[in-house]
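Listed features, source Swiss-Prot:
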ACT_SITE  Asp80  active site, proton acceptor
BINDING   Asp80, Gly81, Asn154, Asp155, Arg182, Asp184, Thr195, Ala196, Tyr197, Ala198, Leu199, Ser200, Ala219, Gln253  NAD(+) binding site
Amino acid sequence: MTSTFRHVALIGKYHAPSASAPSENASNALERIADFLRRQGCEVVLDTQSALHAGLTDYPTLDVDGLGRHCDLGLVVGGDGTMLGVSRHLAQYGTPLIGVNQGRLGFVTDIALEDFEATLTPMLQGEYEEDLRPLMCARVIRDGQCVFEALAMNDVVVNRGGTSGMVELRIEVGGRFVSNQRADGLIVATPTGSTAYALSAGGPMMHPSIPAWVMAPIAPHNLSNRPIVLSDANEVTIEVVAGRDVSANFDMQSLASLQHGDRILVSRAHHSVRFLHPKGWNYFATLRKKLGWNEGGA
């Protein structure tokens, strides 16, 4: 049968060039998947960097934004970190994404590499579950000017330096003062990010369909400062009141050396990420598999 998707972007996990050769496993995986897609009647276009580092020269290439403009499906081969970076770029184009897991846990890259042909064949023919995930937009305001802006799919984290003491942060939600908190830092996470850093800080796991965020302090001085679930319709403002070497992280994007008085404004982005999963996929099955629930049980 002919694929529902005509132009498919193939993006792989890659590293910066080094003296060593590119990973043979990564190269072989991309080549096998590209050949499979071509046999399904798809026009395959590789991300420029993926093709370069994997040594694949038989396919046309585009940068990530070019893929978003040209392709009607993105196939990401790697781990969740690879998917985080790609999804932030492609969300604005509405490009649906399928993740083939070549990492470890793989919460959003959920197709096993060894089973990709059997799993992808019906998906390419239109048999899939669609899953929308919200993005955060974060801006750093200094002296009334925006000095940094980024999107995040997992979380925004403000934290202290590795050798410094606690930071003091002033928190507002929807323009209303919440509290001044002294802690090692603060996490604002999406439902997608609720199973990442926020979970280790004691936050709850949130179903991805819930329009909410979790705000979780990291090692707070006052133990009554607990994680709280917020509506994602409200902007969260985090102001740096005191502390040395304070930094902010937006997924894997970092801004070091925040200054006293800097304000980090976190709001829901205009675009969401579109994930496609195999037919029958559900969130709770993912939790059982990735977190080891029911091991040894019925």
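Any Cβ shown, glycine's included, is placed from N, Cα and C.
The model shown is predicted, which means the values in this text are computed figures rather than measured ones.
Swiss-Prot feature annotations superimposed on the structure.
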| residue | record | Cβ contacts under 8 Å, 6 or more apart |
| --- | --- | --- |
| Asn154 | NAD(+) binding site | Leu84, Ala189, Thr190, Thr192, Gly193, Ala196, Tyr197, Asp251 |
| Arg182 | NAD(+) binding site | Met166, Val167, Glu168, Pro220, His221, Asn222 |
| Thr195 | NAD(+) binding site | Phe107, Met205, Leu287, Lys290, Leu291 |
| Leu199 | NAD(+) binding site | Met205 |
| Ala219 | NAD(+) binding site | Ala183, Asp184, Gly185 |
For Asp80 (active site, proton acceptor): DSSP state (helix, strand, coil): helix
Local backbone state of Thr195 (NAD(+) binding site), from DSSP in three classes: helix
Cβ neighbour count (within 10 Å, all chains shown) around the residue listed as 'active site, proton acceptor': 23
